[in-house]
Amino acid sequence: MNASALFKKIRVKNVIGTLDIQVDDITTDSRTAKEGSLFVASKGYTVDSHKFCQNVVDQGCGIVVVNRELELKGNVTQVVVPDTLRVASLLAHELYEFPSHQLTTYGVTGTNGKTSIATMIHLIYRKLNKNSAYLGTNGFQVNETKTKGANTTPETVALTKKIKEAVDANAEAMTMEVSSHGLALGRLRGVEFDVAIFSNLTQDHLDFHGTMEAYGHAKSLLFSQLGEDLSKEKYVVLNNDDDFSDYLASVTPYEVFTYGITHEAQFMAKNIKESLQGVEFEFCTPFGSFPVKSPYVGRFNISNIMAAMIAVWSKGTNLNEIINAVTELEPVEGRLEVLDPSLPIDLIIDYAHTADGMNKLIDAVQPFVKQKLIFLVGMAGERDLTKTPEMGRVACRADYVIFTPDNPANDDPKMLTAELAKGATHNNYIEFDDRAEGIRHAIDIAEPGDTVVLASKGREPYQIMPGHVKVPHRDDLIGLKAAYQKFGGGPLED
């Protein structure tokens, strides 16, 4: 597309050079800029990418969007605008033909449950033999093809490109985890959502948002906007077991469907049966009750299942077909995942990294603990430490607790474990500044019949170390190797 057409609907402060330039690609990453690229510079929290503009010109880029005129050598056009990231969103949606308008788009937000709900929606579509895409913590997936991702919600240009990829793959639907960071930073500008889903709101990310009020406001942006096309039929799915749903219902102009277990809602789960093999419940709806069976473990996953089913149903899919699909779903990797049931211990990994998430995790596994519950939890570096002692307190619901760092980054691992230990309510705990050593210790002290839970990371494949270097790390592989060495069996046996 010619740059003059690309900027036709955008008011700019100044243009230095000509807009008669062919633009084939838009990027905010200077490393990927090349001939035919339009580079958008921005002043971030830690880096001002305006300083890379000369680099992109040297790489062949002929046009840059900046918030001030720069001294650049070479044949380059500068487009000066007040808010470069807002313009980046507008340009990306224009160049890539407004991809979110071309499929059914689901947005899932909440402190806990985003990955599970979003993955369930994606898998329901696949079980119904429909092309589908997923974007979130576990990366980007079109049908069964997966690629890794850096953030839950990518920056605006990368996000638009992913939606375009889904459209090009003939996806009928795309489900996105929508983070509070992504909403607050405007990464979702221009995305047209058809259904917005809320799981819950508990303390997290206050290192970024500052207050729970600001955190909640960021979440609410998804429900008050859902895009700019007010003529489309759109829906909001809210968890009535969380009080914040009342506020979200008040700020959205769209039809609301509520679900719940403990609080009255339009859709409810009753007569619940739980085991480490899954859940069964009666799904009570405004138009009848339906038995549901799923391999997902834990009462909190019943809430996630209901949210996913309602979201897909709201866009016209038959509920019986959805329920049949749910019965066949594979559990979400790293979310209350039981590793190798043939082991004489129950070895479980989970992503729970907040006090609320840990409480729900322990609630889910405790009824099935035969002997001791050994619980390992980590605290991330450079994060909100005010939540840390409460995490330590919740962890002490277990018989034996292991405190470790989780992505310590530039923080002292010993400081992180000490913060967790401040909340300890008994003395049956130990601190390790090396998470892998903590995992091996958990297996070493476990006896047949014990349950070992490795919390905080799920299947995250790295530890973020000093200098923000990512070092390969897998809780599941470390735990399984230690278990096979102790109890025998398994492909990881030495």
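Yeah, the Cβs are placed from backbone N, Cα and C, and that goes for glycine too.
Here is what Swiss-Prot says about this protein:
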type	residues	note
BINDING	Gly110, Thr111, Asn112, Gly113, Lys114, Thr115, Ser116	ATP binding site
MOD_RES	Lys219	N6-carboxylysine
MOTIF	406-409	motif 'L-lysine recognition motif'
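Overlay of Swiss-Prot feature records on the structure.
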residue	record	Cβ contacts under 8 Å, 6 or more apart
Asn112	ATP binding site	Ser199, Asn200, Thr202, Phe300, Ala352, Thr354, Asp356, Gly357, Lys360
Gly113	ATP binding site	Ser199, Asn200, Phe300, Ser303, Asn304, Ala307
Thr115	ATP binding site	Gly136, Thr137, Asn138, Glu177, Val332, Arg335, Tyr351
Ser116	ATP binding site	Tyr296, Asn301, Asn304, Val332, Arg335
Can you list, in sequence order, the residues of the same chain other than Gly110, Thr111, Asn112, Gly113, Lys114, Thr115, Ser116 whose CB lies within 8 Å of the CB centroid of the ATP site? Val108, Ile117, Glu177, Ser199, Asn200, Asn304
Secondary structure composition of the motif 'L-lysine recognition motif' (406-409) [DSSP: H/G/I, E/B, coil]: 0 helix, 1 strand, 3 coil
Cβ-Cβ neighbours of Lys114 (ATP binding site) (radius 10 Å): 25
